[in-house]
Number of protein chains: 2
Amino acid sequence: MRNICVKVSYDGAGFNGFQSQPYGRTVQDEIEKAIKHLTGEDIIIIGSGRTDAGVHAMGQVFNFHTSSTIPTVRWAIALNTRLPKDIVILDAWDVPNIFHSRRSAKRKTYRYSIDLGKFPDVFARSYRFHHPTKLDVVAMAEGLAYLVGRHDFTSFTSIRSTKPHHVRTVYEAYFEREGDALHMYITGNGFLYNMVRVIMGTLLWVGQGKLKPEDMKRILDGKSRALAGPTAMPHGLMLVNVEYGDPYELTEPPSAAVDDEDDE
Amino acid sequence: MRNICVKVSYDGAGFNGFQSQPYGRTVQDEIEKAIKHLTGEDIIIIGSGRTDAGVHAMGQVFNFHTSSTIPTVRWAIALNTRLPKDIVILDAWDVPNIFHSRRSAKRKTYRYSIDLGKFPDVFARSYRFHHPTKLDVVAMAEGLAYLVGRHDFTSFTSIRSTKPHHVRTVYEAYFEREGDALHMYITGNGFLYNMVRVIMGTLLWVGQGKLKPEDMKRILDGKSRALAGPTAMPHGLMLVNVEYGDPYELTEPPSAAVDDEDDE
């Protein structure tokens, strides 16, 4: 059996999330349907993590095992011709059997985007949360800095999170301005359910003056979801990329960078 | 009666064009409905020109006459709350009664966008025509240069054009690269039906090597639609802006910059 790793982008607006669900259209179902159509195999793909309904990806990664002999360079084109227009495969390559797109992941980067324009940019309306009133972006950046490092992110995850522990490492987090758009980029070894969205919802309170930047530390230390702000809308969230290091350096079944499922 | 001028953006993907039609959803109908909802008046708005089904606008302009006393600064917000998400009013201002958004227009700028990436950018798929095979952009730019100036554009308009004459002036036209996107910007005193799309369809033939840059002059001189290339897909086209000069300098009913209706 071959193990094939695939990089995929999708517009989350039309999906009930990445992972198969009893109801609604999902990215996973569409991809598995395309693979079935192409190879005849009933395959279950392994995503690097789940994304919620409405959340986008410019660089989601999944892998799957197949006995198909289709050359690696053909996979992206062959799948794209069988996929709907809101999913685009960007690349595919053979990886060692040991490779697991979720457990082998080393770093993930998410972006949360806000439209600060007086009126929304009609062409970015599915990709940015519109916030036309004034935000203190300097205070937000100060607040965000408290989250960099290894922390227990219990306060910044949904109470629906079922993870055994909530310690994650944020390697890097910063804001970037692009015209009327304000992007927050955050890179970590893994993210808890709704973590980026709760961080952004809390930072919006900082930006609105309802919280001070240093309150982010107090909320982190309090380890209670009740201390943080609301969960920001899903459509501003984008999975930017997933990093793995060299898959050919994997010599034993990889222990997960985090110990459990990773999703947003 | 006041005369109100409005700048509007819309995502053309969900519309059967700007102008009211017997069938399908149109931008004009949605705006007139919103005005009716706001003022109670049955108003017909005057657009700077029509855009076809699938064509977008970041800066379409229209005007309408109203007896409403709503302050100018409130119009954009009041209309946006009553409009669907794929239409966003950007600005509104009072203009002299003499102002007519089509006849008073001095210059219009369109953009046609191509996605040159190996695979389409999923987030720009409604706004760029995907052309993954090689294009000679230098030859396309050379060909485009032949169109600048005052010319009879009969070869570059739909045979469905019913205009009395086809002479227009192109003030400026150029290509701009933005990552995998290739944008053609073209500014003129007016555009014939499908003119930008036929120009782009013909330049694609130049870029593919089916025509030489200097063939653009031959096609222009031949004054026959049959000489030009295909009409490029509508979704790559964007009405960027419409320029008027100072409306308060209008002292008599304006003669049109072009003598008839303008559309794309």
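One is the number of the first residue shown, and numbering goes on along the chain from there.
Cβ coordinates are placed from backbone N, Cα and C, and glycine is handled just like the others.
Note that TrEMBL annotation is computational and uncurated.
Residues near B:Asp52 (active site, nucleophile) in space but far in sequence (CB under 8 A, at least 6 apart, same chain), listed by position: B:Gly12, B:Gly17, B:Asn194, B:Pro234, B:Leu237, B:Asp263, B:Glu264. In the three-state DSSP reading, B:Asp52 (active site, nucleophile) counts as coil. Marked as active site, nucleophile by TrEMBL: B:Asp52.
Summarising the annotation, TrEMBL assigns substrate binding site to B:Tyr110. Listed in sequence order, B:Tyr185, B:Ile186, B:Thr187, B:Phe191, B:Val196, B:Leu237, B:Met238, B:Leu239, B:Val240, B:Glu264 are the same-chain residues six or more apart from B:Tyr110 (substrate binding site) with CB atoms under 8 A from its CB.
For B:9-99 (among others), the entry in TrEMBL reads domain 'Pseudouridine synthase I TruA alpha/beta'.
Mean pLDDT, taken over the domain 'Pseudouridine synthase I TruA alpha/beta' (B:146-244), works out to 95 on the 0 to 100 scale. What TrEMBL records for B:146-244 (among others) is domain 'Pseudouridine synthase I TruA alpha/beta'.
According to DSSP, the domain 'Pseudouridine synthase I TruA alpha/beta' (B:146-244) comprises 30 helix, 31 strand, 38 coil.
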